[in-house]
Amino acid sequence: MGDIQMLLEMGFPKEKAEYAMKVTNYKGVEPAMEWLLAHVDEDIPGDVTGNTVGTSDANNAANTDNESGQAETPAAETATSSSAISQAPEAKSLKCEDCGKLCKDQGELEFHAAKTGHKNFSESTEEKKPLTEEEKKRQLALIEEKLKQKRLEREEREKADAMERERNRIKSGKDMTEARKRLEELEMKKLVEQRKKEKAEEKAARERVKAQIEADKARRKLSQQPQIMTPTASQGFQSVTSTTPAEPSIKTPSKEYTQTRIQVRLQDGSTLTETFNVKEQLSAVRVFIQMKTENDEPFGLMTTFPRKVFTVEDYDKPLDILGLVPSAVLIMTKANVA
């Protein structure tokens, strides 16, 4: 219905617009307009508009046959009827009483009424003159200008939609880049904190070992002294021995680890290092390797000292049960390594 309304706005009669849309299989305004311009002086076939003239002739013929047996009318009455019919003016157009515009048919009248809002119309004996060649050219130029304007508007709209899609794509790309950057910063911060913690633990371990070595040296020195000593020496011995009971305080009980540091040697020779909770399963290490290497192929894990190839059941066991605490080195192997 919108296409027919557009043709009406261009000045084409309603019947011709509907017939043009039907002839062009409702393919759009442009094919219908081209057909109308090519057949501007042609009338619509009778099977579309309805052959009212033929129907009237048929009805008149039927009435003549039906009345053949009846009495003939008087000659004076027949002459009067013929004179009245001949004197009745023939309506050749429809006229708008509000603005004086002549409309060729009912479709054009309805379009004029819808466009202007006028309501007063009457039949007129004036015949609407067909368009001259100059008027046809002007109308065709106006139609082409309207089509060009609509085409430009459509192109501008498509261009604006394309620009909006491109802006959305760039924005989503920026958001993804920023998210990836934040993730990398968090991972770097976590790695720095983990290295600081490892250095602190290593320093504490060195201090404990150093204290243990000093205690061993003192104990060996006391064992090498002679049994007979002067009182002064014995007092010195007592003073020395009095410090020995403090030796057990240097030894620290075994630490209850909550985290373990796992180093993974990949098949290409590179390594990955990450800290895990001792209660995490070995499958967590496997998932970590898959995420970092983006490797979907099956692989296995093993240790060398002592040599142990982890089975499917081992992946469901915690790291502390598997003896991978406080640190361990795992080697990435092919899935069929026994």
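Glycine is treated like the rest: Cβ placed from N, Cα and C.
According to TrEMBL:
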type	residues	note
DOMAIN	1-39	domain 'UBA'
REGION	47-91	region 'Disordered'
COMPBIAS	70-89	compositional bias 'Low complexity'
REGION	115-137	region 'Disordered'
COMPBIAS	125-137	compositional bias 'Basic and acidic residues'
REGION	152-176	region 'Disordered'
REGION	232-256	region 'Disordered'
DOMAIN	255-332	domain 'UBX'
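Remote same-chain residues near the region 'Disordered' (115-137) are listed as 9, 40-41, 89-99, 102-104, 109 (criterion: CB distance under 8 Å, separation of at least six residues from the stretch ends). Within the model, the domain 'UBX' (255-332) carries an average pLDDT of 89.
In the region 'Disordered' (152-176), the DSSP tally of helix, strand and coil residues is 25 helix, 0 strand, 0 coil.
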